[in-house]
Structures are given as C-alpha cells and as structure tokens.
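Here is what TrEMBL records for this protein:
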type	residues	note
MOD_RES	LYS65	N6-(pyridoxal phosphate)lysine
BINDING	GLY244, GLU280, PRO281, GLY282, ARG283, TYR377	pyridoxal 5'-phosphate binding site
BINDING	ARG283, ARG319, TYR323, GLU349, TYR377	substrate binding site
ACT_SITE	CYS348	active site, proton donor
Amino acid sequence: MDHFNLKDGVLHAEDVPLPVIADAVGTPVYVYSTATIERHVAVFKAALAEVESGTDGPLIAFAVKANPNRAVLATLAKAGLGADVVSAGELLRARAAGVPADKIVFSGVGKTEEEMRLALSEGIFQFNIESEPEAEMLSDVATAMGLRAPVAFRINPNVIAGTHAKISTGGSEDKFGVAYDRAIAAYARAAALPGLDVRGVAVHIGSQLTDLGPSRAAFEKIGALIADLRAAGHAIVTADLGGGLGVPYDPAKPIPPLPQAYGEMVRDVTRGWNVRLLFEPGRVIVGNAGVLLSRVIRVKPGVGDPFVIVDAAMNDLMRPSLYDAWHDIRSVSPNGADMTANIVGPICESGDTFAKKRAMDAVAPGDLVTFMTAGAYGATMANTYNSRALTPEVLVTGDQWAVVRERQPIEALIAADKLPPWI
Ligand code: LLP
C-alpha cells in the first residue's frame, strides 16, 4: 500500500498534488512519501515481532544502496532502523543522517583498508566479510589500531534465487561470500587472527525475490552451519539474513510474498538458533514510497504505436534499460481515455525505453506522468549521461513538501571538468 492516490482527478503524494511539485521544482523529479516509508518500516517490524532474536530483538539495517538520500535515511533512523552500508560514502551518509554507529553493518566484496579504518574508528556493529584475504586485511588494520573487528562471514549458500541474473548473488559462480563448503576452514583461519572477533554468519542471495523457497533453503543451510561452527568451537551470536524481499511492480503479476509471510518463514527456520538476527531490507522499505515524476515532451507517431517522449530518461531511472524492469506508468491527471504507446526518454540510445507497447492512460504533450515504485534503486542509480543533470528529490509529509536534493545546475557539471594546462 502506498500514499500516491488520485484526489479530485489529480495524482497526489499524500496531500500534495504532484503538479504543484512539478511546477515548483521542474521535471524530472523523484517524489517520496514519508507516510509510505513509515508504513513499510512498521509492517516489516511487525512481521518480525515473533522471531526469536535474543534480548535486543532483531536489528533491521536498511540497505542504504536502495535509497541513500539523507532525508530518507534520517526518516528511517527516526523510525529506529540501522543501516547496511557497502562503502565509506554510504557509511558517512548513514552517520550524517543520524544512524548510530552501533546499528551499522558493513557489507561488500571490496572493502579497502581506508574504509576498514573508517568503520573501525566509527565503532560499527559488524563487518560482513566475504573472503579469507579480506579477513586478513581487516585483522591487520584492526591490530594496527589496537582494536578487534566484530565480524561475520557472508556465506555463499549456492542457492539460485530465481530472480534477474544481474541481481542474483547466492550461486557458487557469483562473486559474493565464502563458499559454503569452505566455511568451516575459513572460520578456523579467521579465529586465529588477532584483530578479529569472529561472531556471526551472514547470507544474502539476491534482490526482488518473489518466492520464499530459495531464501528458506539458504537459511536452512545457514542454520546447519551455525551448529557445525559451534561444534567446532566458534561462539556464533549473530545471523544476518540479508535483504531481497520483492515488491509488486506490475499489477498484472502475482503479488510477491508479503513481509508477514516472510517473517513467519524466518520464525520457523530460525527457531532455536539462539542468535541475534539481523536483516538488510532495501526495496521492501522504500520501493513503492517513491515515484519519478516526468513531463511528456512530445508524442511522435510511429510505424506502429506512437512514441511518448518524456523528459525523464534512462540516466534518471536505469532499471528498465538495465534489467528490463517493469514500472507502472500513470498519468497525473487521467482523463479516462487509454492508449497503447512506447514510452521513451530523449537519450540517444534505443535502450532509453521505459516501456514498449504499453497500455496506459492517454497522455498528450505537456501532461505529467509518474513512473511508480521508483523509491528503490531509482535516484541512487541516476547518472549524468548525455550531460543531463542529476535528478532532484522531494520528500512529502502530509500537505508539506521539501526539496531534499536540489537539481544539480548544469554549470556545476561542466565546472567539475578541469582543463589541463596545455589547452
Ligand atoms: N544486502 C546486501 C548484501 C545486498 O547486496 C542488497 C542488495 C541488499 C541487502 C538489499 O536488497 P533488497 O532488499 O533491496 O532487495 N539495482 C537493482 C538491485 C540491486 C540489489 C543489490 N543488493 C535493482 O534495481 O533491481
């Protein structure tokens, strides 16, 4: 459920008519709804209310990569969430948004020494390390600082997530984690390193998961591994089950499992683990809390269906061109008529296509359209291809709204390039 609804024939974000934002800020622009974000936090927390997770309860560390806007992170921090970060940049953003260091988990295959030093000096909750060489580097860095780094190994369970290949991470050929069969040896090596406090396991098999089966299979393997690790003398006190729960994009497709069903599966599988559970949800928290608002530049007749050319492009929302992702496209002021069209951006690539042969609300030049469910992996993946400025972002609450990232002036983009002295 989201808070983008038609009122008096005009699409609103909560109580704010989207044309008001388009007129004031220009388009394209991302618009986020606070009430929708807060609702998803509450739903996810409620879904996990019954899981066994020690005395502190589960740690829900929002995957910052899904939406790193500081205002969004601050909203989540206020709602009690921690952060799952994968770079120094994300770590600093989370801290700047008010996420306490002891609610931060550092994931990622390529942490540098500098990033490790930063995270250690901040005092984060846990490093999820992904290889034995990484364990050695982290131990050296921590030892040099007179510290011991709290770590979990991310395990690659060799479970196929059944999602798009580019966002599937739990197969043995994927770059992520320590191979399941290598885990016991990896823990033994890491436990002997002076700078590490090896205390957990972590797993994340992919994103936009629409079936709980693969996650259950992965978690069951993790449960067995915890028992084996304990038998080998390791004190395992945390288990990080990652993120990945899918959200509905296409209303014509079956709805992915709801957080409640996910929570019940987790409760079932993890009963008796005797650990603190960690979660790293991204998309399910912010996915449908954001839309990309865009204006139709012109409608160009095609040999077949017309091309609706909008002022948003693949640089603003990469998901359709990268993953053939489906985003619902709605008119902000639908007039009741329908059309079938190809929705494209102005960029000079055929891949700059949001939808082909899409049955949608009829639109005309000057009309506003929204790409729905763009709150996750939208603005954060935007770039400046074709010298288009980064997309601004707006946060709404009730009848209030604020620009939470300004439109980058094109002059700033140009000024960032420096001419060498010989030109
Ligand atoms: N934890 C780890 C270690 C991850 O790699 C990810 C996502 C998450 C948590 C959060 O997953 P979520 O709950 O959001 O599914 N750009 C792609 C998605 C990439 C996901 C990368 N990792 C997209 O637009 O679909």
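Cβ atoms are placed via backbone N, Cα and C, with glycine included.
TrEMBL labels come from automatic prediction, so no person has curated them.
Checked against ligand 1, the recorded positions GLY282, ARG283, CYS348, GLU349, TYR377 give GLY282, ARG283, TYR377 in sequence order as having a Cβ less than 6 Å away from one of its atoms. The binding-site residues considered are TYR323, TYR377; of these, TYR323 has the fewest other C-beta atoms within 10 angstroms of its C-beta.
DSSP assigns TYR323 (substrate binding site) to a helix. For GLU280 (pyridoxal 5'-phosphate binding site), the nearest neighbour among the listed recorded positions (LYS65, ARG319, TYR323, CYS348), judged by C-alpha distance, is LYS65.
Between the farthest pair of Cα atoms in the pyridoxal 5'-phosphate binding residues (GLY244, GLU280, PRO281, GLY282, ARG283, TYR377), the distance is 15 Å. Closest to TYR377 (pyridoxal 5'-phosphate binding site) by Cα-Cα distance, out of the recorded positions LYS65, TYR323, CYS348, is LYS65. With a cut-off of 8 Å between CB atoms and residues at least 6 apart in sequence, the same chain places PHE62, ALA63, VAL64, LYS65, ALA66, ASN67, ASP84, SER207, GLY243, ALA376, TYR377 near GLY282 (pyridoxal 5'-phosphate binding site), listed in sequence order. Apart from GLY244, GLU280, PRO281, GLY282, ARG283, TYR377, the residues listed for pyridoxal 5'-phosphate, the same chain places the Cβ atoms of ALA63, LYS65, ALA66, SER207, GLY243, LEU245, VAL284, ILE285, ALA376 within 8 Å of the centroid of those Cβ atoms. In this structure, the CA atom of PRO281 (pyridoxal 5'-phosphate binding site) is 33 Å away from the CA atom of GLU349 (substrate binding site). As a whole number, the greatest separation of Cα atoms within the substrate-binding residue list ARG283, ARG319, TYR323, GLU349, TYR377 is 28 Å. ARG319 (substrate binding site) counts 22 other C-beta atoms within 10 Å of its own C-beta, drawing on all protein chains shown.
For GLU280 (pyridoxal 5'-phosphate binding site), other Cβ atoms within 10 Å of its Cβ number 26.
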